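This report concerns only the one structure given below.
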Amino acid sequence: MNAQLIDGKAVAARVRAEVKAEVDRLKLEHGLTPGLAVVRVGEDPASKVYVNGKKKAAEEVGFRSWELHPDEGITQAALLEVIHQLNADPAVHGILVQLPLPRHIDPDVIISAVKPEKDVDGFHPLNAGNLLLGRSTTRACTPYGVMRLLEEIGCDPAGKRAVVVGRSNIVGKPMALMLLQKNATVTICHSKSDLRREVEGADILVVAVGAAELVKGAWIKPGAVVIDVGMNRKPDGKLVGDVEFAAAAERASFITPVPGGVGPMTIAMLMRNTLDAAVRYGLVPVVR
């Protein structure tokens, strides 16, 4: 393997340490403790694991945290009432609705009901629109984390060709916008794209589609930076990303492992977003 591994766990630990230091200062100087409320509907096993990870991180950095766990049969109207109560609670600075939601509940309606200033996922239409317009806003956690990883390895996107594989509202679209804001020339790939051709020209490649080893190592441009957001379980139980890791690592300059690459950064940047929401909500200037 020629590529250097990008250690997402180590970078995430640094982000959490930065957040904790700021939380300690807020408590000492202003009596302000950031509060994060997580809403998990039903018994989806993966959601339970993700929420537990978020609660653990929140405790580590010194937040107050609450998990609201309504039954899967809750009506959309009743869930909206839960959101409205959290919106009105001054102790809650960040609200996260864990996806997926049951089929009878429209996630767009629920996400849009969260106050934009308490939307720490960065999914509210107002925050998504502000990102599009280049305004200061809460950023979607996963692409925000990817940008921090690029910063950590000294990769300046300016003037580089960045290819984002996947166009979801959660990762692909905001990822492309964040790279564009840093003056990369950005291409978004989807099911109708000539994927190999686009990947072969990428200086920075971000793959987020949820398809095991879709991107072949032989396609990677020598010296490229490869960020693999995917996490897929193969029939033998092995976790792999969306990129053929071993072959890609022979050609890339930097590459994220799966697991241990992007995943830890998503939770770390959620902590960052929650702290920033608390600062804005409490009208206290951030010191960075």
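Cβ coordinates are placed from backbone N, Cα and C, and glycine is handled just like the others.
Neighbour count (other Cβ atoms within 10 Å of the Cβ, all protein chains): 17 for Arg167 (NADP(+) binding site). Taken from Swiss-Prot, the feature NADP(+) binding site covers Gly166, Arg167, Ser168, Ser191.
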Local Cβ density at Ser168 (NADP(+) binding site) - other Cβ atoms counted within 10 Å: 16
Cβ atoms near Gly166 (NADP(+) binding site) (within 10 Å, other residues, all chains): 24
